[in-house]
Amino acid sequence: MPDLKERAARKEPGAAESASRESRGGNTRESASSAQGHRSRRFNRRSSTAALTPGSAQGRGVQTAPRAPVGHGGLRTGLTSRCPQPSARAKLPSVTRGAPLPPSPGKGHFGATPISHRLGLTERVHDASKLDCHLEDRKSASSLESRGKEVMPSDFWDHLKEQLSAVPPDFSCALELLKEIKEILLSLLLPRQSRLRNEIEEALDMEFLHQQADRGDLNVSYLSKYILNMMVLLCAPVRDEAVQRLENISDPVRLLRGIFQVLGQMKMDMVNYTIQSLQPQLQEHSIQFERAQFQERLNKDPSLLNHTTKWLTQAATQLIAPSGSCYDIQDPSSSSGPSPSDIAIPEPLSPAMVLSQGFLNLLTWDPENEEFPETLLADRSRLQELESQQNQLTILASVLLVASSFSGSVLFGSPQFVDRLKRITKSLVEDFNSRPEEVMQTVSDQVTEEIHQSLKNMGLSPLSSENTDSLIGQLQNIAKKENCVRSVIDQRIHLFLKCCFVLGVQRSLLDLPGGLSLIEAELAELGQKFVSLTHHNQQVFAPYYTEILKTLINPVQTLTTKVGSL
């Protein structure tokens, strides 16, 4: 708290100017050094930050939330009209940590509401439970909005530079900026951090800073250093490097601009953390709410599960009498040893296998088939996205498999070559569904040229004309649905997803079927999305699936197996 001299200086600035400046400077230095002294304790606190242990989180099927930034709060909407607005004026969602979730609606709450509206509300709750927590990644670096934020706010910083360079300096914009920074710092604090709150309130006391500005001795550089020390104390580990880079900036305007930018990122970190910390509650609330809404609709329409029953019946029939396939055809990259194919279909049938087969069937669903399972209507668009992603991976893996059979381990032993070939193929197959023949013609030309150039760079013999023609022909044949290489890869990706549903993604990645090792990272992403979607759906509709599967599976088995225990 300010001492008596400082308080007297505020009341009589003309009589106690020297004492006030001296006293205030001492307090500010003490606050800055105090924040600086917390560096080591901050890192100690990181190691002891409360987090869900693997046992407690995974045992309940809840993903562990990342370490929280030290505080939370919301950005203000903008500076006053006297100054142009800076670039970090991000409009963030207003999220309050610890805010209670809305209670589940009671019986009859939607009594007069149309069913279509209730279904829409259920879908919105369903979407909220799957909210993307990485908000800052939503915009491309080359997007129009991103470019605008880089160019337009330069007016503010140019204006600030002109004001600080004037004789005498004009601190009006600097004061508005310091006020905004102060509020951001305060918003990053937790309620229990009262000592830090008092430090910030004292060091960035706007009344006193206005007095200094009126006298022309406001030390912007010194205040910036204090703010940096406080940011070191408050930022999440991911921002340490960015804050450290700011310490090397000597120009006051560039430093303030960097501070404001990093503070915006720190705010986003807190929003992301708050959302992630609420995910388990959102998911649990979503499960209960979706099930209650579905049961209400089922009570009014007993035929609501007809399509779901037909969907599961078809899956069980496929497992009892599987159709022949070319899955056993070997490819040049396959290796000896066990793979997920060794655990293909257990006998007799189990609820897990019927459900996994049913979920996989949705990835090849005929768009004209209107008998889509009622329990998965809210996820239909997500399933279509997964289908598109899986189809692109099928084409990518097929291209890599064919290319490796011609160039061998010489080129495909180079991670740089494989990554380059994957980038080329990925960029070209995005339009595969609309024009497969044309796309594969381009892919075959690009891949052949890449192989030829790489062999030449390594001093190796290029492909013969015969091998080149054969490579181009095999790559172009991938455009046909009946192509056996494409069919093999497609079935193996489906088998991988089935293993993910039963065993989990990490265990399924340990023994990938032949031909899939080069797309392991992409498969892991696909598998995680598939498992997340299907497990949530299973949790919501487990009671209904259990009742349906009782009529499809040997009753003796079902007595000891329940869908909910998978």
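From the backbone N, Cα and C atoms, a Cβ is placed for every residue, glycine too.
When SER339, SER461 are compared with the annotations in Swiss-Prot, the one labelled phosphoserine turns out to be SER461. Among the residue ranges 225-245, 393-413, the one that Swiss-Prot annotates as transmembrane segment is 393-413. Residue annotated by Swiss-Prot as phosphoserine (from the set SER104, SER414): SER104. Same-chain residues at least 6 positions away in sequence with a Cβ under 8 Å from that of SER461 (phosphoserine) are, in sequence order, LEU455.
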